[in-house]
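Working notes, structure below.
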Amino acid sequence: MMYHIPGVLSPQDVARFREQLEQAEWVDGRVTTGAQGAQVKNNQQVDTRSTLYAALQNEVLNAVNQHALFFAAALPRTLSTPLFNRYQNNETYGFHVDGAVRSHPQNGWMRTDLSATLFLSDPESYDGGELVVNDTFGQHRVKLPAGDLVLYPSSSLHCVTPVTRGVRVASFMWIQSMIRDDKKRAMLFELDNNIQSLKSHYGESEEILSLLNLYHNLLREWSEI
């Protein structure tokens, strides 16, 4: 399943990020890509050795970790270090698949269950640059407001179409979920959303408490910690 997570960054945070990224050191995006991806990748990324990068990636991690909808949809166990990319002048990233595992500075290795893109450019400021994701439900084209994030299974083939006008800037990362199976994770997310909706309409009740108990028992049964 694909999920739109709105308002991960406020407009003020986005503006500050963009101002700082104007001063960043950008390098060839292929430095973080395997052999298959390097053949179809043509973009730029912030140099991960820079002091600015260290500060910005920490801010992204803090923002997603504090976002309740992101947590409910991803049920994250491990987050990769966020990266930042930029597309302009017809730069693009052809169809590719993300690696199943990635190195992690604290955990050694992590499994990539979910991929996330946090948009940092207003969609009206550039042409092209859609994230295109192919999954079992068809093809999805994504171009979200700045500050919003999209989550999708890392097993999906995906690409970024050429940016023919303006500049597209984003942060991206991978998530190892506590729930490996996409279908089980989607069921838990739906159950959680329905519980929250019922609570907002009817307040606390024994029936809602019973559903909450069911949610946590399923999470306990399926989670890998």
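Glycine is no exception: its Cβ is also placed from the backbone N, Cα and C atoms.
These figures come from a predicted structure and were not determined experimentally.
These features come from Swiss-Prot:
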type: DOMAIN; residues: 78-177; note: domain 'Fe2OG dioxygenase'
type: BINDING; residues: His96, Asp98, His158; note: Fe cation binding site
type: BINDING; residues: Arg168; note: 2-oxoglutarate binding site
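Under DSSP, the residues of the domain 'Fe2OG dioxygenase' (78-177) split into helix, strand and coil as follows: 3 helix, 60 strand, 37 coil. By a simple count of nearby Cβ atoms, those within 10 Å, the most crowded of the binding-site residues Asp98, His158 is His158. Other Cβ atoms within 10 Å of the Cβ of the residue listed as '2-oxoglutarate binding site', summed over all protein chains shown, number 27. Along the domain 'Fe2OG dioxygenase' (78-177), the predicted structure has mean pLDDT 96. Other than the site residues His96, Asp98, His158, same-chain residues with C-beta atoms no more than 8 angstroms from the centre of those residues' C-beta atoms, the Fe cation site, are Gly37, Phe95, Val97, Ser115, Ser154, Ser156, Leu157, Cys159.
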